[in-house]
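What follows is a short report on a single structure.
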Amino acid sequence: MNMAAGSAGPVGRSDDGIPWPYPPDLQPRLDLCISFGSTGIIERLPCGDKIKKSPHPMACSWDKILMRKQLQREFEVYQRLPSHPRLIRMFGFSEPDDDGERGLILEYMPNGSLKAALESDTDIPVERRVQWCVEAAEAVVHLHSYGIIHADIRPENMVLDARLGVRIIDFSGASIDGKEALSLESTRFFLIRNVRDKANAMSQQISSL
């Protein structure tokens, strides 16, 4: 169900799995929302060049525990990784909000996701598409060189910078130094494997690319 927040309609569940309709007092935050995900809600901050990724305010307590764990994992990944042209910047955690929740402050990329670009009506030159493939591979190589396995590689988790270069994002489910990943790659990019095999191994990352 994909409904506008705050509008009248039957009670149900939205695309993010949260009971709908949302309470009216949530509207100001939703006005700044640019995306929902399994980790929570992503809001563009008033400064314009940063976003805040935080647990969904309507999530149940159990889901919020997982969301906090995923945000902490993403924070740890960014702390380990040095600056790189295929990454966005992390600025740290925000101050607690009225509910005591902290969000991860990240650099905003106004050109949107690679998925949106590929699905648009724009005629994208072959050279540009090839360059995106190269840049995506560069991003993954950089992660692996620091012991990071992304675990959810897909066009939706790549954004385009001001020069339309690829930046890989969303490390909330990543594996660090062989730790258990907190997510699996999405179904379309899933490499068929025995359920007993270790998830998110290098072969799955290559398949996703």
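Cβ coordinates come from backbone N, Cα and C, glycine included.
Annotated by TrEMBL as region 'Disordered', the relevant range among 1-20, 41-60, 61-80 is 1-20. Model confidence over the domain 'Protein kinase' (1-209) stands at 82, taken as the mean pLDDT rounded to a whole number.
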